[in-house]
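Asker: Sharing the features that TrEMBL gives for it:
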type     : residues : note
DOMAIN   : 46-294   : domain 'G-protein coupled receptors family 1 profile'
TRANSMEM : 30-53    : transmembrane segment
TRANSMEM : 65-87    : transmembrane segment
TRANSMEM : 107-125  : transmembrane segment
TRANSMEM : 145-168  : transmembrane segment
TRANSMEM : 211-233  : transmembrane segment
TRANSMEM : 245-266  : transmembrane segment
TRANSMEM : 272-296  : transmembrane segment
Amino acid sequence: MDDTRTEIGNQTAVTEFFFSAFPDLEEGGLLFFIPLLLIYGFIITGNLVIFIVIQLDEALHTPMYFFISVLSFLEIWYTTTTIPKMLTNLISVQKTISVAGCLLQMYFFHSLGISEGCLLTAMAIDRYIAICKPLHYPTIVTPRLCAQLTAGSCLCGFLLVLPEIVWISTLPFCGPNQIHQIFCDFTPVLNLACTDTSLIVIVDAIHAAEILASFLIIALSYVRVILVILSIPSVEGRHKAFSTCAAHIAVFLLFFGSVSLMYLRFSATYSVFWDTAIAVTFVVLAPFLNPIIYSLRNKDMKEAIRKFFCSQK
């Protein structure tokens, strides 16, 4: 009997899933391993530096940088839920994950992803108030409100996914055990269940509603912000105002663009190659670019990072 299955009654229960989207070690798995390891190291180091610098530099103790520091903190854990296992699979013959490990990976990956989406929404609202209602900004966006929005984002992320994970944990898996993806995700896992999973339509609708709600709030906020910026008479004033939002808009487009391709497809199907390419975009590429966007495009961050490393020397 296959050691990834156990006998339960008259059925063979799957105890492990196999990732079939990874190349074999002989077919270039090691070539993917090295750049992915370097990217993961950069993601962790870059986000950790941003988080520490914002905590230490009093000049950055503003709502905008507070949200950036929280986003960097979430990014560290968001990538850690998937990339270490991906690295292991690239140099492993087995390329397997236990059913329990798969459920945990799905839970934390989606919880942290939703938390980031909610936080990006809070950041868009923050920029909207800062640029469209500057006189009221200090009284509206207080440290207490920032803490509440952050706590609400994390609470929303970790509670919304829980019922779905609990439901999936009750399903029997007794047939094929190949996941055609680079990490455990809802649709590939549910396709392996040996029972009716028609409820996935409801689940997809809920995910779509969550993504569209956040997308619309953020998009409308930035449209309003851009219109206000364009109405500023001086070129210098427009440039300064837009520079504070450019990084946020770039991260928003990168994150929600890839997420929308993955989770707003409805009945559309992609090949394994395109599924993998889209997954890599929001699992690896977006977290890789975020530290670059928030540090290299921001004068205050660049100065704070420079001072931080100079003080260490």
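Keep in mind that glycine also has a Cβ here, set from the backbone N, Cα and C atoms.
Please treat TrEMBL annotations as automatic predictions, because they have not gone through curation.
Note that this is a predicted model, so its numbers are computed, not measured.
Quick one: how deep are these features, and who are their neighbours?
Answerer: Beyond the ends of the transmembrane segment (145-168), by six or more residues, the same chain brings 63, 66-67, 70, 103, 106-107, 110-119, 121-122, 186, 189-190, 193, 199, 203, 210 to within a C-beta distance below 8 angstroms of the stretch.
Residues 113, 116-117, 120, 123-124, 127, 131, 204, 207-208, 211-212, 214-215, 218, 222, 225-226, 229, 278-279, 281-282, 285-286, 289-290, 293-294, 297-298 of the same chain, all 6+ positions outside the transmembrane segment (245-266), place their C-beta atoms under 8 angstroms from a C-beta of that stretch.
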Asker: Just to confirm my parser: what is the rounded mean pLDDT across the domain 'G-protein coupled receptors family 1 profile' (46-294)?
Answerer: 88
